[in-house]
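Quick look at what TrEMBL annotates:
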type	residues	note
DOMAIN	1-86	domain 'SRCR'
DISULFID	Cys24-Cys85	disulfide bond
DISULFID	Cys55-Cys65	disulfide bond
DOMAIN	91-189	domain 'SRCR'
DISULFID	Cys160-Cys170	disulfide bond
DOMAIN	192-292	domain 'SRCR'
DISULFID	Cys217-Cys281	disulfide bond
DISULFID	Cys261-Cys271	disulfide bond
DOMAIN	337-436	domain 'SRCR'
DISULFID	Cys361-Cys425	disulfide bond
DOMAIN	442-542	domain 'SRCR'
DISULFID	Cys480-Cys541	disulfide bond
DISULFID	Cys511-Cys521	disulfide bond
DOMAIN	547-647	domain 'SRCR'
DISULFID	Cys585-Cys646	disulfide bond
DOMAIN	652-752	domain 'SRCR'
DISULFID	Cys676-Cys740	disulfide bond
DOMAIN	755-855	domain 'SRCR'
DISULFID	Cys780-Cys844	disulfide bond
DISULFID	Cys824-Cys834	disulfide bond
Amino acid sequence: VKHEERWGTVCDGDWTIEDAEVVCKQLRCGSAIQALNRAPFGEGSGPTWLYRVYCRGDESTLWNCSHPGWGAFTCPHYFDTGVICSGFSGLRLTRGDKACSGHLTVKQEETWATVCFSHIDFKTASVICHELECGQAVDILRGTHLEDRHELIWQEEFHCVGNETHLAHCPRMQHRSKTCSHDATVVCSANLLLANGSTTCSGRVELLHGGTWGSLCDYLWDLPAANALCQLLDCGVALLIPGGQSFGKGNGSVWNGTFSCKKNGSHLRDCPVSGLGHDECPVGKDARVICSGEQQKGLRGEVKISFFEEKYGPKIQRVSVEPSCIFFTSRLWCPGGRLVNGTACSGRVEIRHGDTWGRLCRSHWNLQAASVLCHQLNCGYAKSIQTGDHFVDGNGPVWRDAFHCEGSESCLWDCAQMTLGNPTCSAREAATVICSGLAESLRLSGGESRCDGQVEISLHGMWSRVLDDDWDIKDAHVICRQLQCGIAEKAYYLPRSERGMGPVGLRSVQCGGNETQLMLCKTSYSQMVPMGVAEDVGVICSGSRQIRLVNGTMRCAGRVELYHDGIWGTICDDNWDLSDANVVCKQLGCGHAIKAFVSAHYGEGSGQIWLDDVNCTGAESDLWACPSRAWGQHNCQHKEDAGVLCSEFLALRLVNGNDCAGRLEVFYNGTWGSICSNRMSQLTARTVCKHLNCGDGGEIARDFKYGRGSGPTWLDHIECTKQHNSLWQCQSDPWDPQSCDNRAEETHISYREKLRVIGGEDGCSGRVEIWHQGSWGTVCDDSWDMADANVVCRQLSCGSAVSALSEAAFGEGTGPIWLEKVHCKGTELSLWDCPAKPLFGKNCDHKEDAAVDCSAGPKTGQQATCLTLLAWAQQQTTEEQLFGSPHSLPVASSFPFSSSSPPCNRQ
């Protein structure tokens with residue numbers, strides 16, 4: 001290193017790869033391959049400038065790393081350090097027609113350099129395919145001729161042994177000649193793709209083997225295999241395996257084999273196709289799949305099952321999710337959720353905002369939300385979210401969204417989403433989950449959670465009923481144990497009205513009660529239902545217990561209700577206090593209790609009263625873990641139902657103005673407080689107005705006319721995007737009662753009502769409409785005159801009024817009638833400045849919609865004459881009504897226009 005105009009060495013007995021990484025990066029020599037000490041390139045001379053350098057690896061220069069100081073220690077030169085850098089920082093295969101084949105290039109500084117065909121061999125190709133997670137090397141091909149192309153050529157030959165994990169680790173030699181006739185094309189074996197589909201994520205499975213592409217004939221092809229392939233191709237999850245000859249027969253080549261992944265496989269290299277042979281394929285055995293990753297081209301809106309039947313044949317094998325999730329909604333999959341750094345069904349949770357993926361903060365992550373994500377990914381349910389530091393390595397943004405799920409949602413984004421004010425997270429505080437896996441063959445459906453409902457098993461990729469004529473609690477215990485749902489509370493037969501009509505998978509189950517899986521019990525398989533024998537069966541496990549708050553305006557406040565034994569019921573308020581309420585709030589992820597309500601503060605419930613004399617310490621994790629009377633034992637009525645208000649209960653309001661204008665305040669931790677305006681955009685102001693059902697006309701007021709607040713200043717740096725419909729979804733700083741430096745930073749919102757005229761041809765004549773509280777509405781013509789019309793014309797920059805028209809001169813409007821009896825002087829700058837009466841009664845209907853004609857609109861002679869006639873006729877009618885002096889109306893035929901020309905057609 002050069003310091004004080006002198007070159008000197010670096011001395012370090014503990015020189016690490018992180019230290020070397022900084023050197024290589026600073027010199028633009030790629031990444032560090034080796035960190036060497038004890039003068040590996042000979043002893044240096046001069047001063048020892050740096051000693052015991054400690055780098056993290058992300059510093060921009062070596063001297064930015066931690067060290068004792070320049071020249072702090074004179075070190076013998078036999079301790080001088082050295083590095084070997086890769087010389088390049090990445091590699092890729094380009095211009096190939098498949099993801100795992102193409103021309104080999106390496107990144108040198110900021111430029112991609114072409115690798116010559118003569119510079120690599122088959123062992124090198126094997127290392128490249130392995131590094132790119134593309135399986136085994138199939139071939140090296142002579143690429144395109146380079147004589148006429150002016151490209152940067154990589155000047156080193158690669159001499160790999162074949163067991164290196166990265167190309168940068170291979171020995172290299174400077175090429176003797178500077179010329180290169182052809183570039184190198186590398187072909188890797190794991191080239192799997194979906195062919196002949198309407199998207200890149202649907203089609204017939206094609207496999208490249210031995211240089212030949214062919215259809216994969218897989219006798220064991222099923223939904224788990226299809227799902228694994230979809231995820232490995234970055235195509236989401238498998239939606240269905242279509243029947244018939246969908247996607248065609250291909251080019252005639254067929255590869256017989258079995259696609260399977262290693263237990264923890266998450267890359268194509270972990271999913272080999274074994275037993276490959278070249279043969280014919282029986283009808284129906286070629287592998288096909290439709291993945292969720294892309295929608296069908298041209299599809300919009302509702303997707304009918306008949307579309308799939310028409311395109312892919314009547315035999316459709318569905319994944320184990322509700323059909324409505326696939327067929328009857330406008331989206332074919334759940335967007336924006338994935339697991340990384342693990343397997344297909346375990347790892348770090350990442351969600352997508354816009355086009356950016358980021359890890360999810362674990363501060364509000366719980367098993368219910370995790371189970372929804374597992375279900376969304378076709379990975380069963382969440383077995384654990386406590387994974388320590390597993391899966392959390394890596395970089396990228398950290399999203400602070402909190403998902404509050406009931407557990408029965410189809411997609412994570414269907415859960416209540418809360419982001420505002422959430423605490424910051426480090427990269428290592430990411431949410432993780434281990435799901436039960438793709439191979440789950442048992443579920444409970446139709447209940448309030450995954451731990452209660454009708455028993456169903458999956459056979460051959462299809463969910464089937466379980467029938468039994470001697471169903472008991474021992475059978476139910478096995479179900480609950482296998483599903484990790486606690487112990488069985490009830491085994492029951494479904495009511496006749498709820499019995500299924502689908503295929504039957506099992507009947508006559510006989511369990512001892514200690515088995516770990518239902519299939520270990522004595523069972524019989526049946527696809528037919530014998531007459532008069534067996535009924536659909538169901539189970540309620542202890543893990544189905546749930547808690548909710550009812551009748552509050554938002555989550556985190558309301559009447560406490562518990563789900564037990566398949567029924568929702570209330571809590572009696574005897575001895576109900578803050579300790580009890582604290583357990584409820586904590587259990588719901590709602591912070592701590594602000595108040596414990598009694599006497600049915602949130603209204604009376606109905607049905608069962610589950611608990612009485614609850615006596616929590618406050619440390620319990622579940623309300624039912626607190627001492628109380630037994631389930632269902634009480635001496636109460638519903639007028640004694642208990643309720644809570646938790647600290648995470650949020651509300652929003654505008655004060656010192658009206659419903660849609662004022663100083664912005666948020667209710668948090670039991671107190672109303674202000675919101676600071678730093679970095680707040682007009683888009684955020686519009687989001688506030690949408691949140692308050694005030695339309696999208698909000699803007700930040702700079703005149704502070706709505707007064708100063710006196711309570712805490714809860715939030716700052718709120719940033720909303722176009723995707724946010726609620727302020728709760730926007731990013732912000734964490735909650736802090738002193739977020740503003742001073743009261744001048746408080747947010748004031750003014751509401752800019754919008755005005756338009758409809759029915760004319762120029763935007764300056766027509767029916768007057770105003771935008772208020774999220775919708776367009778009209779103005780009643782009571783008292784409507786030229787002064788009112790002048791204000792409208794001026795506000796629209798349409799000059800002055802030519803006429804003020806009434807009686808729906810430009811046709812009747814629709815929707816609300818927002819104003820009547822407008823009384824403008826004519827000098828006001830805005831219609832909102834005029835005295836008017838909000839129309840809440842039924843004094844007007846749309847036959848009385850007011851209209852204007854302004855001078856600035858370009859009028860034809862015909863239109864001007866027509867509008868003048870209308871104004872004159874309405875004036876005469878009014879005078880006749882007032883004074884009883886009729887005036888003769890000119891004959892329409894004497895005017896140079898058609899009687900059907902708007903706006904004259906009605907009058």
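Here the Cβ of each residue, glycine as well, is placed from N, Cα and C on the backbone.
TrEMBL labels come from automatic prediction, so no person has curated them.
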Using DSSP, break the domain 'SRCR' (1-86) down into helix, strand and coil residues and give each count.
16 helix, 23 strand, 47 coil
When the Cα of Cys425 (disulfide bond) is compared with the Cα of each of the disulfide-bonded residues Cys170, Cys217, Cys511, Cys834, which one is closest?
Cys170
Going by Cα-Cα distance, pick out whichever of the disulfide-bonded residues Cys55, Cys160, Cys217, Cys511 is nearest to Cys676 (disulfide bond).
Cys55
List the Cα distance (Å, whole number) between Cys160 (disulfide bond) and Cys740 (disulfide bond).
61
Proximal residue to Cys824 (disulfide bond) among disulfide-bonded residues Cys170, Cys261, Cys521, Cys541 (C-alpha distance):
Cys541
Candidates Cys55, Cys85, Cys170, Cys217, Cys646 (disulfide-bonded residues) - the one closest to Cys480 (disulfide bond) by CA:
Cys646
How many of the residues that make up the domain 'SRCR' (337-436) does DSSP mark as helix, as strand and as coil?
13 helix, 37 strand, 50 coil
Using Cβ atoms only, which residues of the same chain lie under 8 Å from Cys170 (disulfide bond) while being at least 6 residues apart in sequence?
Thr124, Val127, Phe158, His159, Cys160, Val161, Glu164
Which residue among the disulfide-bonded residues Cys425, Cys541 has the fewest other Cβ atoms within 10 Å of its Cβ, if you could check?
Cys425
Could you state the CA-to-CA distance between Cys646 (disulfide bond) and Cys361 (disulfide bond) to the nearest Å?
22
Largest tally of Cβ atoms lying within 10 Å of a Cβ, found at which of the disulfide-bonded residues Cys281, Cys480, Cys511:
Cys480
Set of same-chain residues at least 6 away whose C-beta sits under 8 angstroms from Cys834 (disulfide bond):
Asp788, Val791, Val822, His823, Cys824, Lys825, Glu828
For Cys55 (disulfide bond) and Cys24 (disulfide bond), what Cα-Cα distance in Å is obtained after rounding to a whole number?
13
Cα separation, Cys24 (disulfide bond) to Cys780 (disulfide bond) (Å, whole number):
76
Give me the DSSP three-state residue breakdown of the domain 'SRCR' (755-855), ordered helix, strand, coil.
16 helix, 35 strand, 50 coil
For the domain 'SRCR' (652-752), DSSP counts of helix, strand and coil?
16 helix, 35 strand, 50 coil
List of residues, in chain order, with Cβ under 8 A from that of Cys24 (disulfide bond) and at least 6 apart:
Gly30, Ser31, Ala32, Val83, Cys85, Ser86
